[in-house]
Amino acid sequence: MSMSGGEVFHEKQRLELCAIHALNNVLQERVFTKETADDICKRLAPQCVMNPHRSMLGTGNYDVNVIMAALQSRELAAVWWDKRRSVQNLCLDKIQGYILNVPSRVSLGFVSLPLRRRHWLAVREVNGQYYNLDSKLKGPACIGGETELRSFLIEQLSPDVAEMLLVVQKEVEDDGTWLKPDGPRK
């Protein structure tokens, strides 16, 4: 699926490639593959036989370092969101997208196991609406406008283990304009 004609690009989950899917979904095009992510892993840890940035089984499960390096290769930056701040302080027009790391249920086929693993998902604005582009969804899920986005982010970040990266242009990271000046904490 492409962005032409107002469509929203959405890659679906395969293996443990949620980091790659989140990157492609936030960029709204297929840029990264398992092979490009594996190359990034090798660059990050060239001397390691068992690479610490991905699954030992070679099925994916890439860590935040791979996501950050991938974004840097596109002249973008990942800003780690401090959850002590209020999402009301985000300058939404300066942020290209959001990559969240959230707990997710493990299932085998139709059976849901009592386990939780970490899962990467993307959120992005397309044609004035924000979308949840979680690769585990059947398709893009419209969140709505700015108010609904802020509510969605608050809900997603409520578990202690949930984290968020802001995907921004490098100059936006450098000058800090992704954050409203002197914004109060939660």
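Using N, Cα and C of the backbone, Cβ positions are placed for all residues, glycine too.
Copied over from TrEMBL, here are the features:
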ACT_SITE  Cys18  active site
ACT_SITE  His119  active site
ACT_SITE  Asp134  active site
DOMAIN    5-182  domain 'Josephin'
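For the active-site residues Cys18, Asp134, the greatest number of Cβ atoms within 10 Å around a candidate Cβ is found at Cys18. In the predicted model, the domain 'Josephin' (5-182) shows an average pLDDT of 84.
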